Amino acid sequence: MFTEKGIFPIGDGLLDVDADRLKGLLVSCPDINEIYEVEQTPFARGKFAAVRRAIHKNTGSHFAAKFLKRRRRAQSSDKEIKHEIAVLMLCEGEDNIVNLNAVHETRSDTALLLELATGGELQTILDNEECLTEAQARHCMREVLKALKFLHDRSIAHLDLKPQNILLAGERIEDGLKLCDFGISRVVCEGINVREMAGTPDYVAPEVLQYEPLSLLTDIWSVGVLTYVLLSGFSPFGGDTKQETFLNISQCALTFPDNLFGGVSPVAIDFIRRALRIKPNDRMNATGCLDHIWLKDDCSLDRQIYLQPQSDAEEEEEEDVDDDVEDEEEEEQVEEEEEETQNVEEPTTEAPQQQQQPVQQHQLAKSGQIHSKPTHNGHHRANSGGSISKIPIATSKLQSTPSSETTTAIHTLTSNSNGHVHKPTQIVTPTRRASDSDKENTYTATFVKKPVATIQLGSSNGIEDATVVATLTLFPDAPTTPKVIRKTPTGESNGSATSVKALVKKFQLEDSSGSAVARRSGGAVTSSSGLHSPTTTSVRLNSIRRASEPLTTVYKKQTSQNGCSSTSNPSSSPGSSPTTSGSTATLLIHSQRLGNSTAPASHCVAVPATATATSSASSSNSSSGKSTSAAHHLHHHHMHHHHHHHHHHVVIAAKNAAAVAATNNLSLDQGIIC
């Protein structure tokens, strides 16, 4: 594939150079400044390269020293650098490609001593003049395509064709152009699939964005974009963002506004359209672009550009002459008909006035039969619903009585009043067809649905097994402790001074006693809500939702067993009191020392680590039976039931211990540790 000795492919579209072949270009001196006088300020800079002017100290020759970093993104870039050197060596001697003169290597970078193009970049001319003339653009594209053809004949795709990589050999475009920067070029041939996501956003082809195999025709897409930019000064697919630009490229959203392409020849637009095809196989190759009529022959192109408007003008003149002849014939026929009508009318003053209107109507009808297009001042206009046609009617030769006046009137009427029936024009917008690979450019719409307040899902087992899904709000409140509002007990409403701490703890004991009674009785649970009045209300456990619970909470109704109502998760019932709502209710009651205790230490309940409530109650001989039976029952329940059901038994024991403490006149501050 490559005739050059010492250059060979290494895979992934890259080339390598043999060490013996590379020695002929390497500069033996370790310091480049000893041989060349290198300017410190670069006149071109890229991501991984900087170009500075270098002057040979012995010969005085000027070069463009391109300094390439040998490490990019913490990885070695020796393969890419050698590939660029190999491509430049293959292009040695080509007039439209910069030549490589020498290579200098250091630990940090590699310097390529390239041919210096004194005219600078083509982008500089576009920045100063906005766009080129069509003759300049044609000459520029011809030079670029010659360089591309040289590369494509060697199965090399440039893949980064843009005005910044096209250099002027002199001050003018006519002095010659040279192609440069082969850093992302790749070898593309049959049997080698090369996929690269590299290039300039405005110039990349659709197959690059779709990560499809590249080909030599990928450069032809950039040729079409470059031609568009040179003729108009604007990017054909440029958007506000890169994503919008890529979408326009994938859909080939190509337009030619009149304010940009009003003076551009149709063959130039045809050249752009043939190059900008979504499918690579539908595009022209480099040879086909050079053979296109826009680039092939300047003289024939100029003749076609100037002869086409001239032929259009001649056709318009012929149509005008035919229309004038038809107008004269029409006027003669109208005059004859009016004379015949005037001969049969009576010599009265009202008859001519009554007869003039039918004559005019007949004339208009006749005019509609003769002309398919209305005329206005000798110019043709298309028949549209909103257009106005002015038709002159000649009546100067009519004989009239002294009481009547003959005038020449111009009647204005809409063009849809003609005799011919015109079909309405149907504007059909051509459907833009994307490539087969363009399957990801879809538009999605987001619909926001508000949740339903409460949804009840029934089951075949009846109402008791039904599941209630409560979905109340999209933004639940922050998890906070519910506030408890209660009235002052009537027994302490007198003037006796009682501490707030004692009252609160007394309320906790009373509420614990009330909850225990409710759990014993079964059925409904009596509780007080933190946001309502303190009156007790019988409610279902599955009808209340905390503000701190998740967005959607599922509650299941439980059936009562053994006369005791319980839930699988007591902490999720907001109607319970603070003593029973969690597993951290701290209640430790100490009674007075008693000599005789019938409750041994082994009967004390070993509460799990998650619960910190422990009941250790000892009393006199009369109350020891209650404490012993309560502790024994709690221990027995812990051995045979799930550990989540231990809370209400602790409350029962606490209630009995509180009753014992009340009978022994214990103070509240002595028996509670918060």
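A Cβ is built for glycine as well, from the same backbone N, Cα and C atoms used for every other residue.
Listed in Swiss-Prot for this protein:
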- 37-295: domain 'Protein kinase' (DOMAIN)
- PHE43, ALA44, ARG45, GLY46, LYS47, PHE48, ALA49, ALA50, VAL51, LYS66: ATP binding site (BINDING)
- ASP160: active site, proton acceptor (ACT_SITE)
- 308-388: region 'Disordered' (REGION)
- 312-343: compositional bias 'Acidic residues' (COMPBIAS)
- 352-363: compositional bias 'Low complexity' (COMPBIAS)
- 373-382: compositional bias 'Basic residues' (COMPBIAS)
- SER384: phosphoserine (MOD_RES)
- SER387: phosphoserine (MOD_RES)
- 412-440: region 'Disordered' (REGION)
- SER435: phosphoserine (MOD_RES)
- SER437: phosphoserine (MOD_RES)
- 511-583: region 'Disordered' (REGION)
- 512-525: compositional bias 'Low complexity' (COMPBIAS)
- SER521: phosphoserine (MOD_RES)
- 526-541: compositional bias 'Polar residues' (COMPBIAS)
- 555-564: compositional bias 'Polar residues' (COMPBIAS)
- 565-583: compositional bias 'Low complexity' (COMPBIAS)
- 614-650: region 'Disordered' (REGION)
- 614-631: compositional bias 'Low complexity' (COMPBIAS)
- 632-650: compositional bias 'Basic residues' (COMPBIAS)
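Separation of the C-alpha atoms of ARG45 (ATP binding site) and the residue listed as 'active site, proton acceptor': 16 Å, rounded to the nearest whole number. Counted within 10 Å of its Cβ, the other Cβ atoms near PHE43 (ATP binding site) come to 12, all protein chains included. Largest Cα-Cα distance over the residues recorded as binding ATP, namely PHE43, ALA44, ARG45, GLY46, LYS47, PHE48, ALA49, ALA50, VAL51, LYS66, equals 14 Å. Here the binding-site residues are ARG45, LYS47, and the one with the most other Cβ atoms within 10 Å of its Cβ is ARG45. Using a 10 Å radius centred on the Cβ of ALA49 (ATP binding site) and all shown protein chains, the other Cβ atoms total 21.
In the shown protein chains, 19 other C-beta atoms lie within 10 A of the C-beta of VAL51 (ATP binding site). Taking CA atoms as the reference points, ASP160 (active site, proton acceptor) and LYS47 (ATP binding site) are 14 Å apart.
Mean per-residue pLDDT, taken over the domain 'Protein kinase' (37-295), amounts to 93. Summarising the environment of the residue listed as 'active site, proton acceptor', the number of other Cβ atoms within 10 Å of its Cβ, over all protein chains shown, is 20. Secondary structure at the residue listed as 'active site, proton acceptor', taken from DSSP and collapsed to helix, strand or coil, is coil. LYS47 (ATP binding site) carries neither a helix nor a strand DSSP state and counts as coil.
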